[in-house]
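The feature [4Fe-4S] cluster binding site is assigned by TrEMBL to B:Cys642, B:Cys648, B:Cys682, B:Cys686. Here TrEMBL flags B:Cys686 as siroheme binding site. Taken from TrEMBL, the feature domain 'FAD/NAD(P)-binding' covers B:5-291. Annotation source TrEMBL lists domain 'NADH-rubredoxin oxidoreductase C-terminal' at B:327-393. Marked as domain 'BFD-like [2Fe-2S]-binding' by TrEMBL: B:427-473. Residues or ranges marked as domain 'Nitrite/Sulfite reductase ferredoxin-like' in TrEMBL: B:563-624. Taken from TrEMBL, the feature domain 'Nitrite/sulphite reductase 4Fe-4S' covers B:633-768.
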Amino acid sequence: MDGITSNLPDTALVTAELAWIEVGRVSDIPPAGARVVQSPHGDIAIFRTAEDEVFAIRNRCPHLGGPLSEGIVHGARVTCPLHNWVIDLASGGATGPDTGCTGTFPVQVEDGSIRLGLRLPVSAV
Amino acid sequence: MGKRKLVVIGNGMAGARAVEEVLARGGADMFDITMFGDERYGNYNRILLSNVLNGSQDPAEIVMNPLDWYAENGITLHSGAPVTDIDRAAKTVRSSAGVHVHYDYLLIATGSRAFIPPVEGMTGPDGKLRNGVFAFRTLDDCDGIIAHAKKSTQAAVIGGGLLGLEAARGLINHGCAVHVIHIGNHLMEQQLDGPAGAMLRASMEAMGVTVHLKKATTAVTHDGEKITGLAFKDGTTLDCDMVVVSAGIRPNAEIGLRAGLTVERAIVVDDKMRSVDDSTVYVVGECAQHRGRVYGLVAPLWDQAKVFAENITGRNRDAAYHGSKLATKLKVMGVEVAAMGITEPVEERDEVVQFTEPKRGTYKKLIVRDGRLVGGILMGDISKAAYLMQAFDRDTPLPEERLSLLFDIGAPAEKVTLDEMPDEAQVCNCNGVTKGAIGACVAGGMKSALAVMKATRGGMGCGSCKGLINELVEFYAGGEVEEDPSIHYYVPGVPLPTDELIDAIKINGLKSVSSVFKVLAGGKEDPGSKPGLAVLLSMIWKSEYEDERDAKFINDRMHGNIQKDGTFSVIPEMPGGVCTPDELKRIADVAVKYNVPLVKLTGGQRIDLVGVPRDDLPGVWRDLGMPAGHAWGKSYRTCKSCIGTDYCRFGLGDSMALATKIENRFRGIDSPGKLKLATAGCPRNCSEAYVKDIGAVAIGDGKWEIYIGGAAGAHIRKGDLLCVVGSHDEALSVMGRFIQYYRETAKWKERTYAYVERVGMAKLKSIVVDDSDGIGARLDRSLQESIDAYVDPWLERDAPATSHQFSSLIPVP
Ligand SMILES: Cc1cc2nc3c(=O)[nH]c(=O)nc-3n(C[C@H](O)[C@H](O)[C@H](O)COP(=O)(O)OP(=O)(O)OC[C@H]3O[C@@H](n4cnc5c(N)ncnc54)[C@H](O)[C@@H]3O)c2cc1C
């Protein structure tokens, strides 16, 4: 499971091309819930809010790395299951103590199918 | 006129406070504000790091300026990277992340960092603190210390000042042996004299901290990877596997130096808190040196922030800072201390007034010069602190009767003292809140102490002034004080106590969490209240309850306890701690088949398979073929038992059989708090039944004592005797009735130890045992319905409650 999560230097990721990858349908995700996509950037949680908005953020709480995908979703926020930090799904920022480091990823929804925007390093594409 | 650009370097207590003061003076219309913070967080209350370290507060609780605050006030925050350069000619600053901005006015509030003495082995080849060596200054330091302390057996704290002692206290709570290494002759030399230091040392040692005085550390020894100990100048050594360095602080003034500002011990400022070299650069907080002094406590920076704001907004361009007199009130290892000014007489005319009562740990010493207070130490009893600190701060003449300085003799009525207290008297030193500010809040309509504390932040620091704030709110509000009503609610987000909430839910036929918020809370959803409501609704409606999985905490969705790496623990049921060899084999087979990383006995006499990934849960449950042990939620958990009568020489009652019956009857019943039970075959209490939520203790002749409200977790309490019963069946029936009454009247997360004290044993006995309200039969019936509706949640392995319950991953092509 950890095999493909790499520690590529950030610069490599930032300079790489943005690629849109199909990651299933909105209906694959429970309302006010999340599922996880494994990527070279580590696990990415795809959230679906009760209003059917879709967000993608790194599946690691900026506090102590808790799996955000397992948290309770309320509005466009999720509460980390480990220590109740509240993370804004749109910005990835904690509304409790902040860190700018929970990365967010662009998503597009078309006809119910979700596409995730990833900057894949050239070697991984 | 367009807005001017105000740039703030340092997003800590002084920087954020200064910006708040600017905003309070209409600064949002005058300035575009940009803040830079090296730390990855919004501003938090650094003082409370001690509480985070000792586990009494969560990091989230100490945040003072959450991200929302910056956004709401139009402030641009660049956090997570330091400013590296100031170009005063071009009026720009640049951060290590490459952010480059222009300023019209600059505020430097970079605070201090921990001083790391140049001791061999302290740092690694990379110049950073070696693995296992920590400073204690930031939230990240705290996280590191906590994580390391969990594995540590012996920790050393270098430095016996206030912070070092706070660190020692925090470490003790994480279960390691703690040594404080202090180079001086006594602890807390800044604040205390020799006798007070010695008394403090005795209190610390009584609590299990070993104190080494007059010890100079010369080396941190290590095996290249881990810390192994400390070596001292006197040739002695100490084994330890972690070190917290608390040997003083150093102002972060280098940035001023590089920008060509005058820096001595810190960046030198004038009375307007402006750099002496540049009228557009201001400096506040621990990185500022004013009239030769650099401060290390928060009180001065409140005043500095005000003076800065008055000047920069043009409110009062004559506003000037005249320096602060430092007085501190603190609690070290549970000992209350107040200290101000000098600790020893220095001039011949200095007069010392002193009282010692070592047996009670009370020490009071005042130094009086020309009839005015110039120094003071109060320990153990600090009831006179407020008065003395004020006399010290204002230099007021002291009464001739010196005894009255130390004790309240024929004390004037309290009202008079509150009345006499001037409006500008500081009530909360941690957050700089005056008596007048509290008065203004109450006048503005806040009638509860909690509301006032939230609004002013008073009492949210060390908390030692909470009592005084309560009194002041009462004083101002007259008879109209209100306590915070939410303390009586079942959950904070729905304004009803448990019994009324149950009625309202039934009357309105509310079967889902969202409908409760809609009808009973004005449509406002409170995420923290959801899990509690889910439990209450399922108790009321049983199978008719409309389960909204998103309202449930992950543990209740996965029927296991989430671990810090996101895996789960699987604990099968094992009534009375008994299992068959076959079951034991299956557990072992499962552990092998699924590569379970840890197999561990729990405190509740069961076997825990720790570290099972979510996707494996159904398979693990299936292969175990045992029912869920309910070790995750707010519900009946387990019933421990001793071996009872079958084999024990002392057994008076069959505790194993009773425990098995209890588990078979109450398994999985959810409730406001966890229910941990035990049965003991005799009063020797091997199974600890006296300290359980419900305990049964055999006393012979087939009789059992039933105890309720015991606890032996973070809170320790011996249970109260509810009644004595004559059989297993009677025990089950009285326990069941108590459980149901608790389910219907306790607040969410209110464990029985708190519940029993709130409701009172007399009332509980009369309702549960004597059925004084005539509701016994109804309670029994309601509980029976819940028992009948119980379904083993692990059966969801074959019929998942939602389509992706156990598949967290989306397969990507
Ligand atoms: C554990 C602990 C307990 C304490 N208890 C008490 C107490 O009980 N009572 C009391 O009065 N005081 C106490 N203090 C002291 C109090 O916290 C400080 O006096 C106060 O925080 C000083 O505020 P400041 O803003 O000057 O510095 P800080 O709060 O340290 O803030 C400075 C901020 O600037 C940032 N920074 C530094 N350089 C840069 C840069 N180049 N670019 C961007 N950002 C930068 C830092 O990362 C930091 O976040 C305690 C301190 C600690 C550590």
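Every residue gets a Cβ built from N, Cα and C, even glycine.
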Do any residues at least six apart in sequence from B:Cys686 ([4Fe-4S] cluster binding site), in the same chain, have a Cβ closer than 8 Å to its Cβ, and if so which, in order?
B:Cys642, B:Ala680
Reduce the DSSP letter at B:Cys648 ([4Fe-4S] cluster binding site) to three states and note it down.
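For B:Cys648 ([4Fe-4S] cluster binding site) - judged by DSSP and reduced to three states - the answer is coil.
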Is it possible to list how many residues within the domain 'NADH-rubredoxin oxidoreductase C-terminal' (B:327-393) are helical, extended or coil according to DSSP?
12 helix, 36 strand, 19 coil
Starting from the Cβ centroid of B:Cys642, B:Cys648, B:Cys682, B:Cys686, which together make up the recorded [4Fe-4S] cluster site, report each further residue of the same chain whose Cβ lies within 8 Å of that point, ordered by sequence.
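Going along the sequence, the neighbours come out as B:Ile643, B:Gly644, B:Phe650, B:Gly651, B:Ser655, B:Ala680, B:Gly681, B:Arg684, B:Asn685, B:Ser687.
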Between the domain 'Nitrite/Sulfite reductase ferredoxin-like' (B:563-624) and the domain 'BFD-like [2Fe-2S]-binding' (B:427-473), are there at least three Cβ pairs closer than 8 Å, leaving out pairs fewer than 6 positions apart?
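Touching, no - the domain 'Nitrite/Sulfite reductase ferredoxin-like' (B:563-624) and the domain 'BFD-like [2Fe-2S]-binding' (B:427-473) miss the threshold of 3 or more Cβ pairs under 8 Å.
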Only counting partners 6 or more residues apart, tell me which same-chain residues put their Cβ under 8 Å from the Cβ of B:Cys682 ([4Fe-4S] cluster binding site).
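Counting only residues 6 or more apart in sequence, the Cβ neighbours of B:Cys682 ([4Fe-4S] cluster binding site) under 8 Å are B:Cys642, B:Cys648, B:Phe650, B:Gly651, B:Leu652, B:Gly653, B:Val697, B:Ala698, B:Ile699.
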Per DSSP, how many helix, strand and coil residues does the domain 'Nitrite/sulphite reductase 4Fe-4S' (B:633-768) have?
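The counts are 49 helix, 37 strand, 50 coil.
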Pick from B:Cys642, B:Cys648: which of these binding-site residues has the biggest number of other Cβ atoms within 10 Å of its Cβ?
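By the 10 Å Cβ neighbour count, B:Cys642 comes out on top.
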For the domain 'Nitrite/Sulfite reductase ferredoxin-like' (B:563-624), jot down how many residues DSSP puts in helix, in strand and in coil.
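Across the domain 'Nitrite/Sulfite reductase ferredoxin-like' (B:563-624), DSSP assigns the residues as follows: 27 helix, 14 strand, 21 coil.
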Find the average pLDDT over the domain 'Nitrite/sulphite reductase 4Fe-4S' (B:633-768) in the predicted model and report it.
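A mean pLDDT of 94 is what the predicted model shows over the domain 'Nitrite/sulphite reductase 4Fe-4S' (B:633-768).
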In the domain 'BFD-like [2Fe-2S]-binding' (B:427-473), how many residues does DSSP call helix, how many strand, and how many coil?
25 helix, 4 strand, 18 coil
